[in-house]
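Engineer: Submitted below is the structure of interest, expressed as structure tokens.
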Ligand SMILES: Nc1nc(=O)c2c([nH]1)NC[C@@H]1CN(c3ccc(C(=O)N[C@@H](CCC(=O)O)C(=O)O)cc3)C=[N+]21
């Protein structure tokens, strides 16, 4: 028996159909959802992601603005731009593409975004709201993962969930969402002793480590739901996840592929958060 493949492109398409209806209802009230994306530097991967985000906005007939700065731009210039966007009624969501160059204080930049426009959910106020179980904006990647659980009817109450990775943008918020859904959550990371001991107990396994094919079949419980958040570029240019897909799909009950899994859902939930922000502003 091989695993059910959880198709992120298909799920993204399904959700985006509903966004279109909601965007049209807003347009009738004179509001068009607007997203501003700030990119600093010429990292080619970042440039591709930003282009995809802007294209997704256009497809959904959202307004979007892309602001690109050279890598050596002064932090103050970016902070002033954020202040301007905070006050701009056409803009409901602001995203600063990470990582920022080394001379930036990322936390300071993220805290400069108005919390009600923080569609990434990275502002401390929004992180706090999520921790308290009153989310305002759920970070897009973990949010997208919860949509896979809904779609596949994954029962999280009482489930053993293991998250590998403890980043602020994926691991921590993911663990919090699983906890709030009633799972028993273990967060593993680079200092974890005997990783396989933990992963083999997981009914739900989320890999967000950033190491190609890190999770192998022998680490997975038969029938587990395996979510691969990794996007690693191999020397041959191909994308590859944190999970050894070919091996693990023979053991897992369900699995997300890379590409075509979590990635498209991340962008979809960015649209969802931007739409939500626009709806709140129109109330
Ligand atoms: N402030 C901020 N917010 C982010 O959400 C953010 C960020 N910074 N920095 C970079 C990461 C990365 N990220 C991806 C989104 C979609 C795909 C995606 O759609 N991937 C496609 C493949 C795309 C390709 O072929 O390169 C897929 O998995 O099928 C990938 C990566 C958002 N990020």
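Any Cβ shown, glycine's included, is placed from N, Cα and C.
Got these off TrEMBL a minute ago, pasting:
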| type | residues | note |
| --- | --- | --- |
| DOMAIN | 6-120 | domain 'Tetrahydrofolate dehydrogenase/cyclohydrolase catalytic' |
| DOMAIN | 139-281 | domain 'Tetrahydrofolate dehydrogenase/cyclohydrolase NAD(P)-binding' |
| BINDING | 165, 166, 167, 231 | NADP(+) binding site |
Engineer: If you average the pLDDT over the domain 'Tetrahydrofolate dehydrogenase/cyclohydrolase NAD(P)-binding' (139-281), what number do you get?
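Structural biologist: A mean pLDDT of 97 is what the predicted model shows over the domain 'Tetrahydrofolate dehydrogenase/cyclohydrolase NAD(P)-binding' (139-281).
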Engineer: Looking only at Cβ atoms, how many others are within 10 Å of the one on residue 165 (NADP(+) binding site)?
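Structural biologist: So the Cβ neighbour count for residue 165 (NADP(+) binding site) comes to 24.
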Engineer: Among all the protein chains here, how many other CB atoms are within 10 A of the CB of residue 231 (NADP(+) binding site)?
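Structural biologist: So the number of other Cβ atoms within 10 Å of residue 231 (NADP(+) binding site) is 19.
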Engineer: Which residue counts does DSSP yield for the domain 'Tetrahydrofolate dehydrogenase/cyclohydrolase NAD(P)-binding' (139-281) in the helix, strand and coil classes, in that order?
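Structural biologist: When I sort the residues of the domain 'Tetrahydrofolate dehydrogenase/cyclohydrolase NAD(P)-binding' (139-281) into the three classes, I find 55 helix, 26 strand, 62 coil.
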Engineer: Going through the binding-site residues 165, 166, 167, 231 in sequence order, which have a CB under 6 Å from an atom of ligand 1?
Structural biologist: 231
Engineer: Across all the protein chains here, work out how many other Cβ atoms are within 10 Å of the Cβ of residue 167 (NADP(+) binding site).
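Structural biologist: A count of 16.
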